[in-house]
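Asker: The structure that follows is given in the form of structure tokens.
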Amino acid sequence: MDQQMIRMVPIGINVVMSIFTFFLTARLIPSLKETFITANLCGQDMSKRDREKKIPEALGVVCGCTFLITMFLFIPVPFSDHILKNAEFPHNEFVELLAALLSICCMVLLGFADDVLDLRWRHKLLLPTVASLPLLMVYYVNFNSTTIIVPKPLRYLLGFSVNLGILYYVYMGMLAVFCTNAINILAGVNGLEVGQSLVIASSILVFNVVELFGNMWKAHLFSIYFMVPYIATSLALLKHNWYPSRVFVGDTFCYFSGMTFAVVGIIGHFSKTTLLFFIPQILNFLYSVPQLFKLVPCPRHRLPRYNPKTDKLNPSVTIFKKSELNILARLVMWIFRTFKVVDWQEDSEGMVTCNNLTIINFVLIKLGPLREPTLTTILLVIQIAGTLLAFVIRYPLASVFYDV
Ligand code: UD1
Ligand code: MG
């Protein structure tokens, strides 16, 4: 068999296992609904007329578990050739696979703990950092390459490459924190958490397939092994989470997804490209900064406000006294108002009503009230447009900055 074929066999097995996992997960989720409600793991859908109905929450844990089981069963497959032929065993590749799974497994556990215990925001930053430690350790042992190539326009200042040392590990840890939380704060509309994660995963998969025939094929093959079962389990979840949601995904799912993307980005050496697929999440994060850093009051929920009369969603708002804002908050909000990216209403007594700063509400202030599935679809189209932009930046534009 030639080299190309040898690469294809494990992918084939991976795809078959993933299809099986899809059907398993799709059946498992509805059958576990009652168990979750009995355990009081449920929430109310705030954008429906019937708010009394209990919707089981944190079903992302089912998805995470079926993903992990599939991957555990898959572990011997890429190494079967070495095992059967008794050839020299690639211990470094093996440990990468194990550490990647350990980090994801740890994140599913910590995410589930968050759903059960309702942790505070500072814990949400700590958990992904802790879960990424096994991975960073393996990165240290296997590569420890902390040198980055400087983009062409900056080379006259910094030279061809810069060794970031420990800072590179800080960057990788922060990548895990960002990927997990960025998905979690772009949420609150049926199907959005899973939908955006599926677009990101598919984008990574397309990128891997394109790169599979290049020099770095091993890293991309590694990523494909993770992305295919990830997509299968998430599709099964989306089936039940799409409007009208029968289950909620919980923070477990956001952590599980973000960590999976960070893991393949780090081990596959394409963390910058991974970040490119997060353009809407980056914009949502930047737009959210005034509320996340408490410059402007941030209510517990920022999801859109439901109008039962029209069955449409309106932007949700935060209300505060203008005089309570500090100088930095005033400056930032002045910039936002100048660029007309917020809906800012001020009354004669200085009380301000401003939309909550998420791109979900931004879409609503620009397009007017929308039905929930329409809003989710528009946000997913934005996500896909982000991916197309990412590919333009990654391929044609990259030659402006790097020798590719
Ligand atoms: C994040 C957001 C919060 C948003 C929430 C919605 C920040 C800082 N936090 O908080 O603004 O309101 O996600 O998930 O931006 N829900 C629905 N419909 C959905 C999904 C969720 O009504 O389609 C509600 C349900 O009541 C569910 C709850 O949101 O129980 C879950 O919220 P949770 O994931 O705990 O919120 P956070 O992640 O802390
Ligand atoms: Mg959440």
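Even glycines carry a Cβ here, placed using N, Cα and C.
Residues or ranges marked as transmembrane segment in TrEMBL: 6-26, 58-79, 94-113, 125-142, 154-171, 183-207, 219-238, 247-270, 276-296, 375-397.
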Asker: Which of 6-26, 94-113, 154-171, 219-238, 247-270 shares the most C-beta pairs under 8 angstroms with the transmembrane segment (125-142)?
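Answerer: By the under-8 Å Cβ criterion, the transmembrane segment (125-142) pairs most with 94-113.
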Asker: Any chance you could find the range in 58-79, 154-171, 219-238, 276-296 with the most Cβ pairs under 8 Å to the transmembrane segment (183-207)?
Answerer: 219-238
Asker: Would you say the transmembrane segment (276-296) and the transmembrane segment (58-79) are touching, if the rule is that at least three C-beta pairs must lie under 8 angstroms and be 6 or more residues apart?
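Answerer: Between the transmembrane segment (58-79) and the transmembrane segment (276-296), contact is absent.
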Asker: With a Cβ cut-off under 8 Å, give me the same-chain residues at least six positions beyond the ends of the transmembrane segment (276-296) that come close to it.
Answerer: 178-179, 182-183, 185-186, 196, 199-200, 203-204, 261, 302, 318, 320, 325-326, 328-329, 332-333, 336, 341, 354, 356-359, 362, 379, 382-383, 386-387, 389-390, 393-394
Asker: Rank 94-113, 154-171, 247-270 by Cβ pairs under 8 Å to the transmembrane segment (219-238) and hand me the top one.
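Answerer: Ranking 94-113, 154-171, 247-270 by Cβ pairs under 8 Å to the transmembrane segment (219-238) puts 247-270 first.
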Asker: Report, as numbers and ranges, which residues of the same chain sit near the transmembrane segment (154-171): CB under 8 Å and 6 or more residues beyond its ends.
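Answerer: Distal contacts: 136, 139-140, 146-148, 271.
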